[in-house]
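K.L.:
For B:1-10, B:40-49, B:115-126, the entry in TrEMBL reads compositional bias 'Polar residues'. Look at TrEMBL and you will find B:27-39 tagged as compositional bias 'Low complexity'. If you look up TrEMBL, you'll see B:127-138 marked as compositional bias 'Basic residues'. Among the features that TrEMBL reports, domain 'CDC20/Fizzy WD40' is placed at B:295-585. Per TrEMBL, repeat 'WD' is recorded for B:340-381, B:423-458, B:554-587.
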Amino acid sequence: MSAEKDKSKVHKLSLKGSSKLIAEFFEYSINTILFQRGVYPAEDFTAVKKYGLNMLVTSDDQVKAYIKKIMSQLNKWMTGGKISKLVVVITSKETGENVERWQFDVQLFNKLSKKSSKDTSKPSGKENAVPTEGSEPPPEKTEKEIQLEIQSIFRQITASVTFLPQLDAGNCTFNVLVYADADSEVPMEWGDSDAKEIENGEKVQLRSFSTSNHRVDTLVSYRLAD
Amino acid sequence: MATASVSTPLKNHHGIFSTRTAGGRMPLTPSPRTRTTSLATNTSNHSSPFTPPRQRIEDTRIVSQSAYGNVSSYFSRSVSRTLAHRDSPKSNIAKAKASPKHLDLGVSDWTLTGTGTAFGQTPSKSASRKKGPLRTKSGKTTIRLDAGDRFIPNRTASEGIAVAGSGKIDGENQRPKTSNGEGLTALANAVSAFDLGGHAAEDDATIALEGLNLDDDNDTTSYTKPPPDTLAYESSLATACGVSLNTRILAFKPAPPESSKPIDLRSQYNRPLKPANAASAQFRRRVLTAPERVLDAPGLVDDYYLNLLDWSSGNQVAIGLERSVYVWSAESGTVSCLLETAADTYVSSVKWSGDGAYVGVGLGSGEIQIWDVEDGTKLRSMHGHDTRVGVMGWNKHILSSGARSGLVYNHDVRVAQHKVAELVSHTSEVCGLEWRSDGAQLATGGNDNLVSIWDARSLGAPKFQKTNHKAAVKALSWCPWQPNLLATGGGSYDRHIHFWNTTTGARTNSIDTGSQVTSLRWSNHYREIVSSSGFPDNSLSIWSYPTLVRNVEIPAHETRVLHSCLSPDGQMLATAAADESLKFWKIFEKKPGSASAISREGGVTGNGGDMAKQITIR
């Protein structure tokens, strides 16, 4: 039992680091999407070196503060393992229609192991504790490998502007959604929402990356041209 | 259902059961109602082994208030998502009281909307109302089926779809049936489908179930747990609609800040990593907008048709002021009066020869005088015109003169019979005349709104006659880097600058300047042209070529700018205006280190006064 505890401790620590990494990934993703999709003017962005790339990050104070507010809460949720999806929805200002939806699915490997351990702690539940293969964390990766995976996602996001329909530039706004556990603490700024799906949207699955604790899948859906 | 992309894996059900068993409650409690037992057997015919126990459990749990409150809160939540239009203010209150777990969920909104119609068939007592749905009276079962119907196609359609908008129903075979058995069949089918399906939604379901388990653990002490089967059912529903039961979609509510300015995506996609304004170094070059020097020019005749200012290659500026010609040395700053005409006439044009040694002076009487500036002596007078000579131009030893009559004469200043050609084209006063730097072409402009382009080898008729201008054409300038490019500017009614290909005669570009164009000068160093304006702007404008972007506009004078000329090094522009001032502008300041690519006609030697004389005058 104590050994198990130790294990979970180890898990916790690496989980924290992994959460941080993923929250950071989200932050850069939001910035990249805002830049690439022209939600804000290009002049408002400055390049910073990250993941071995020149990442464009907003330098507009208002947008910066807005993203920071989102990120501060996201960090908490991530560390608590409360988030299963992060979604950036680009909406037309005129029609209010959702025109593009960037979805990042987060899988937490630990959750499964936590659950199974709980199961085994209960009597006569063993039969039902089915091994959780398929969601087993992959072999440990070096940070370098993870960074390369992230890098290729950002390259893909950047490249995706070639096939995504041209947005009505300057006439779009964005929203951030999270799929959080129901028992998460929800601050005032966050409220329940629908999924803001694109109706009859085309979906393109982009690359994924994974850490020892998380796996992040990227999916963009967009409105098909009429 | 076979196409279900989302399904609950087997282990999830095991998880449910383990939870249940962990609580010490086995699903073997005898059912108080035979009906439900039969239902259980009914459902057991179907592929899911977990359905029957669920039924039994449900029945046994009827008395367990909190458990049902809990269940129904879950349930109502999921239902309310689909059936948001229903509302029941009554039942939710009871529920909220009954189920602390409900509060834990923090989804009171959902509960408020959901329960009423869903449990509409039940009596008014809250306890029995809670029982209602679980007792599978036909009405309630229908509702469940309804929910199931609504959910299942959604699952098929897409994982993670918004439940709110999911009105689509394709389980027709199940929907109309209202009997419990059918309902359970449907459920069983659903469950089995989940079992059979892949594990695409595995994690959602797992997380959901885990959450449920956790809740159970927390609640065990205070009240009985919800029946796991119900949970299984709900999780199935949740999985079916791609939404984990204990997952909320949260939106960051504050509106994102407005974009600070309009966005052009086209430029964005082609944007260099470096800040974009580095690209337009030419545009960004600082143009000095203050005059370098201001001189008085008293008595300057305010006449658009005259050309009274010229800057020599020897760096001397000649200006005609009424009856006198003054020469100002740019190097020393000294002024000397070169000549004064007879009282009955006035100076109508001045022009330096290419070498800067002689100045041609046109007079109102039609006489042309040639002066040696260094000696201050008149070399010769040339007669021929009987009207004023408003413009002149040198091509080596040839001096071309345009007169009010519209005639242009070429004078060979070396010979006694100086008039070597008569260029007949204009019908009104000639006010613009410019030789190309190589002497192969001559452009003239007149008050007849005509631009004539002459080939030096055949002066019998103009090569091209351009009638595009709608006013007198005084401003003419040959491009220093593209010999066949001519810029012409029209008067107040026209206000345009036209660019011509003088090989083909085609107009290549046009600018509407918005005011009278009084002179045009190409830069030697920049791909730019400067125009001076009369009414209403009285300004200098620098245009990029060929983009035709106005780089800068300098409010130069108080009244119209009449004449302009460039310094021999091409950096400085002198302008004379009707406000009787002569101003010097360093508008084409050379970039340090960049050699001037194009040297202007007569040679750009800066302040060198030792120009070899190109012509000799007898």
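Backbone N, Cα and C atoms are what each Cβ position is placed from, and that goes for glycine too.
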K.L.:
Can you work out the mean pLDDT of the predicted model over the repeat 'WD' (B:340-381)?
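P.N.:
Averaged over the repeat 'WD' (B:340-381), the predicted model reaches a pLDDT of 92.
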K.L.:
Run through the repeat 'WD' (B:554-587) and tell me, per DSSP, how many residues are helix, strand and coil.
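P.N.:
So the counts come to 0 helix, 18 strand, 16 coil.
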K.L.:
Per DSSP, what is the residue tally for the repeat 'WD' (B:423-458) in helix, strand and coil?
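P.N.:
Result for the repeat 'WD' (B:423-458), in helix, strand, coil order: 0 helix, 20 strand, 16 coil.
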K.L.:
DSSP helix, strand and coil counts for the repeat 'WD' (B:340-381)?
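P.N.:
The composition, in the requested order, is 0 helix, 23 strand, 19 coil.
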